[in-house]
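Structure record follows, encoded as structure tokens.
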Amino acid sequence: MSTSPRWDESEIIEFVSLVAGGQSYCLEITQIREIRRWSSVTPLPYSERSVLGVMNLRGAVIPIIDLSEKLSLGPTDPTERHVIIVVANKDRTIGLLVDSVSEILTVKGEAIRETPNVKGESSIKAISGLLSIEEEMSRVIDLGALLPGHQDEAA
Amino acid sequence: MTVAILAIDDSRTIREMVSRTLTGAGFDVTTANDGAEGVEAFATRRFDAVVTDINMPRLDGFGVIEAIRGGDTNRRVPILVLTTESGPALKDRARKAGATGWIVKPFEDRAFVDVLNRVTGRD
Amino acid sequence: MSESLRDMFFAECEDLLDALSEGLARMGEGTQDGETVNAIFRAVHSIKGAAGAFGLEAIVGFAHSYETVLDRVRSGELEPDAETLRTIIRSSDVLSDLVDAARNDRDDTPEAMGPLLEALTALSAASAHAAPARPAGEAAVFEPMAAMPIAILPIEGQEARFAIDFTPERSLFDNGHDPARLLKALGALGRLDLLCDTAAIPVLGTFDPEEPFLSWRMVLEGDIAEGEIRNVFSFVEGLCRLSVIRLDDDAPAPFDVCAEAPRIAAEEAKPDPVPVPPMPGPDDPGEPGATAARSTPSASAPPPSAAPPAGANSAARPTLRVDPERVDRLINTVGELIINQAVISQRLAALGAEPNSEIMGDLDDYRHLARDIQEGVMAIRAQPVKPLFQRMGRIIREASEALGKDVVMVTEGEGTEVDKTVVERLADPLTHMVRNAVDHGIESIADRRAAGKPDQGTVRLLAAHRSGHVHIEISDDGGGLHRERIFQTAVDKGLIPPDAKLTESEIDNLLFLPGFSTASKISKLSGRGVGMDVVKTAITSLGGRVTIASRPGAGSTFSITLPLTLAVLDGMIVTVAGQTMVLPLHSILETIRPNTRDVRPLGAEGHVLSIRGSYVPIISLAHVLGLSDEPFDPQSCIFVLIRTEGSSPVSLAVDSISDQRQVVIKSLEGNYGTIPGISAATILGDGKIALIVDTDTVVVLAAQNPSIQMFRNKDESHEHLAALG
């Protein structure tokens, strides 16, 4: 299996590992603005199923997306124990609802494997690489592919 | 000793450019937005040199030179004309009006600073 | 954070282009004065000057030709006829395009540039053959400058000796030169030996301190070229007697060294015994004394009394340039302050404070102060609509030219101030409407003649403040809307059933339906794939409304009403399917708590509300917005009567009404996108988010889906709307 072309082999990258829909994922730490507990949101009309609604983040209105649903792993029933990861993606700030956040991983670029093509799985477009962590496999989320920005939509 | 320069130009961009260049070279720069403001500023303190544009509202560069040369304070201050054109006619006219020298826009930072060093006698 | 010079340049270009088009508009109207042409010339000249500093050759080149012609107009040498004026105006468009291209790092040249350059050249060349009405002005001579005129030439190791004789004349001192500095500059070139000749100094009794008496004889040695020496004296040419002679290597030095400091005549020559007329006061550059004080009168110099005539509004008003981000931050903070006031008010009420208690009175003062601050901050962002209107002038020119029509723009109330963001975001919809007015509104010249109208059509732009709102009108004196054609188009596109009974106003408003103006009847101008629905969306997103009035044969008027500010909204707080939402107060006519018998079913699922003898359709907000799966029970609702785009009002059913107050608008578009039926959001006193309802789209949504039950399934409704979009 080849390494993921996205990172240089010698590059040191920090990830935050998390669990969504029962699976292990990770996000580059530089994309994360903050992590907070779930609190109730205001639902939006005519939104996709994965959009839970909007919440107030220090005066800004940010949409909250159910990561599990977005990855086609089924809806999450949010409770006090769930966590929202606030991420900055291009020109938008968005909250991702996940089951939990576990740890910070420091890895070298060469340790990230390229995502193999799995037939019939469209959601893996949002996985930019795979990481092995003590027998476990963690999937690196490609925010740009998961949440297209304004420009992408306009195009 | 700091050397004080009065820069007069109605273009915000040129003003800022002159100001950044000269301040960076250690001059103490005061700016004015047009000729009338420039003459007003000139009366407030002693300047070691004046850099002025020609085409400006209210009072043009020739007017500035005449006001300073015809005034009774510091009237022999070096005055440099900062212009886009460099025709001999302009130079002649500027000289007749009493300009010390002229600098053509776009100016090269180093050369600009050199000229000011020269006319102000700064080392 | 300091603004980059490049950004500053383009911001300045905007201002200058605005000033340019303002001046040109006056010339077009024939209301210019001397200062108008001066200001026009200066705007072009300043753009050229600064563009040169950035190496933007295309702009410099064009601006130069442009400016040359303007200079001729300014000097009275060229009396602009209609054709010349057209060239001058179109040149401003090209200049604007060039600036735009440079800003976007494009190097394409506007199509119109070639022919215009020829026209400009012809206009400026005319002077070459005519008698020179004035001495060659500076603008007539142009050399693209590589660098300074005093470039220092590099010299290869060539040892040389020069004898230099230098005798300053009085004018040298008058022009601000100091021999000591020149000598110092010479000294920097090589080894300098110098002798100061003091023989000409007279006895003290006849000494005139204004006269120079000293001269210098020097020998300069080193790796020096004669050009370098000439260079040092380049500024004083004609202000002194100078001779520079290259000496043979073995020639003896022509004099002995004199180390006397040669400063005597330069700065110590005071006091000044020569009576000099008083300097004109700085506030009054036009005082005749200024002219009298000129030491060297020059025929070509303009009188220094070039002060603008009184009342010329181009005179600089002292202004403050502020980073817009700082203002936005302030606006946000004030917004928070108002929310904070609402929180405190709620808390106090919860603690049992009486509405007319002292503390509530104090809180009321607090609210007033907060509003005052808010208004003050908003005023910082306010800008006149004038530049926007001026841009429309260009659109009209281009459109009428392309269509072979003769259309003039008339503006009114262009000093009306509107929030900066509103001005910016109005540009596109206004452009579209103005183009439409020229294209579809104004008839062809033949048709106008047939109708007994003047050949020249008029598009009128009006801006005014009316009852706390900004009112903008775009009207034309064209043929008015073709209602039958609009109706037929809407039927053809399946937007309305063929047997629909619509009022005139309702037909007019069909123009705003998404999908109305599509490919079939798009002309090359108004087309561009956007219809009036986009105009409407843009205006709605600004919290505004747009309506049409049209009279066959007499023309059409599009009226836009906008809030004064984008930051706050007067809203009614309601509950819909358990959620708090905000209805904009400006669209509300009244609220009604009906009797059971006032609500009547109509059709399978529809309901109407009987008010004072008329029947008004009921729309369940919860169902239209897909917030409720329950069957609609009109009996448990409160109704909010809202005005709509057409004439007839509609009643929105909500669960309850809790309050009426100002809310701070938070855009959803930045982080999310547009939502049908929702214009924005706000943050309530408890920190929760409430959505602000866009009543106009709600009505459209309901009208397009007579069976509101369709919205029950969330995902289905989403697909449905996507298909509509």
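One-based numbering along the chain as shown.
In case you wondered, yes, glycine gets a Cβ from its N, Cα and C as well.
Annotated features, as they stand in TrEMBL:
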COMPBIAS  C:272-283  compositional bias 'Pro residues'
COMPBIAS  C:287-299  compositional bias 'Low complexity'
COMPBIAS  C:308-318  compositional bias 'Low complexity'
DOMAIN    C:1-102  domain 'HPt'
DOMAIN    C:357-566  domain 'Histidine kinase'
DOMAIN    C:568-704  domain 'CheW-like'
MOD_RES   C:HIS45  phosphohistidine
REGION    C:266-321  region 'Disordered'
List the helix, strand and coil residue totals of the domain 'CheW-like' (C:568-704) as derived from DSSP.
23 helix, 69 strand, 45 coil
All-chain count of other Cβ atoms within 10 Å of the residue listed as 'phosphohistidine':
28
Looking only at the domain 'HPt' (C:1-102), how are its residues distributed among DSSP helix, strand and coil?
84 helix, 0 strand, 18 coil
Averaged over the whole of the domain 'Histidine kinase' (C:357-566), what is the pLDDT?
82
